[in-house]
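Scroll down for the structure; my scribbles are underneath it.
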């Protein structure tokens, strides 16, 4: 009998395969990083072939670590870094270009031109998104316009698009030999090409980017027993296992954090931060810089929508301290170093390396450290980096409360940065509400597993999934209201200093 569900978690810096039991507990996992390709300032790419090879390896190694066979898996889910764009030849599986990553800003002129022409409001109304470098539509257009032969190939049916969920799914289900070219509603909602009401590709939006509809994958529910097919026996699993769930990473974390009721929210701390608030079957149009997106759709049930605040640089700011500045040797050292000081000493670090995402949407912003004096040392910079993660989250929480009218009583958190206890305490202090971390911190992979397991009957319903969630640790706010207000005022002033640095044509 198949007693487990697996999940491919294809992220920005790594790919992992995780295996869960009926109680939602982790049984085994394996993870491998892939290269970050940085050809020039503002450009971020990944090698799709390397990602597929890593996917093969992590599946095989996780099964081996768990002493399991493929037949022990009832189903597989896929979750992924959203927006990251792959265009490949379906005849042979060869990418025409590297994957253009969600952080990449090369399409800033495309986004700016759409806004100037008045088309930004069309995109907001239909897709729920502002025209921004973040989303896939402009990335596809850039490849069509700048990579030799791709436009012609697309017109002949020899170039197809997918985010990395689609790329992994296509390869797992056969690749050039009948691979399924499909995605789910959550990933499609991040392209600027899907109408949120019809849950289908929109011809007017496609026309804005001059993208042939034939390039695009079929859009399916996030959880479905048949829509995504089965793994091919010639592929890494050597068995036909149903792929029954697909979700973008932040929507998967929302499912994994069991935020199934309107008003429930979670914040994932990874390379960036992503705060998602369930708004139920109601489409809430943001007036304060947030995104309207699809949270999930299970089977034939109506789609559940969400408001999202996406922050480009949070955990990657800690990586910057490690890799570029070399003031720490590991991410964990950021906490140790930050604890050497009592506060930030009056300095603020705004890590706008890729511009500012929600709620500002300023691609012209660039990173800044302000308030420096000779007194400051590495401890203050480490502390300011952790505070930057938390202040950016407060920006989003305030916008979310204005849009929804929902006051946050507790913030559910997950992701790698939540292992940093000091950062989570700072988050509670800056927000003024408790912060709660679950026992199973890998909620992104868990959410993909839940979607697959629900579709195949491994789990009965969301009520059963709620019983799995347990709190591991809670942080209560300790700052006074005066300190909280003073700190946030300083942060807002620092943000102003980052604007108008990068010219947008």
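Placement of Cβ uses the backbone N, Cα and C atoms for every residue, glycine included.
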> Can you tell which of 134, 305, 348, 360 Swiss-Prot lists as binding sn-glycerol 3-phosphate with 12, 82, 83, 249?
Replying inline: 134
> If you skip the near sequence neighbours and keep only those at least six away, which residues in the chain come within under 8 angstroms of residue 416 (ADP binding site), Cβ to Cβ?
Replying inline: 269, 270, 315, 331
> Considering only the binding-site residues 82, 134, 420, which residue has the minimal Cα-Cα separation from residue 250 (glycerol binding site)?
Replying inline: 82
> What's the CA-CA gap between residue 82 (sn-glycerol 3-phosphate binding site) and residue 14 (ATP binding site) in angstrom, rounded?
Replying inline: 14
> How far is it from residue 14 (ATP binding site) to residue 134 (sn-glycerol 3-phosphate binding site), counting Cα to Cα, in Å?
Replying inline: 19
>> Max CA to CA distance in Å over the ATP-binding set 12, 13, 14, 271, 315, 319, 416?
In response: 14
> In sequence order, which same-chain residues at least six apart have a C-beta under 8 angstroms from residue 249 (sn-glycerol 3-phosphate binding site)?
Replying inline: 9, 11, 79, 80, 81, 82, 268, 270, 274, 444
> Hey, how far is residue 13 (ATP binding site) from residue 134 (sn-glycerol 3-phosphate binding site), Cα to Cα, in Å?
Replying inline: 17
>> Quiz question: given the binding-site residues 13, 271, which has the greatest number of C-beta atoms lying within 10 angstroms of its own C-beta?
In response: 271
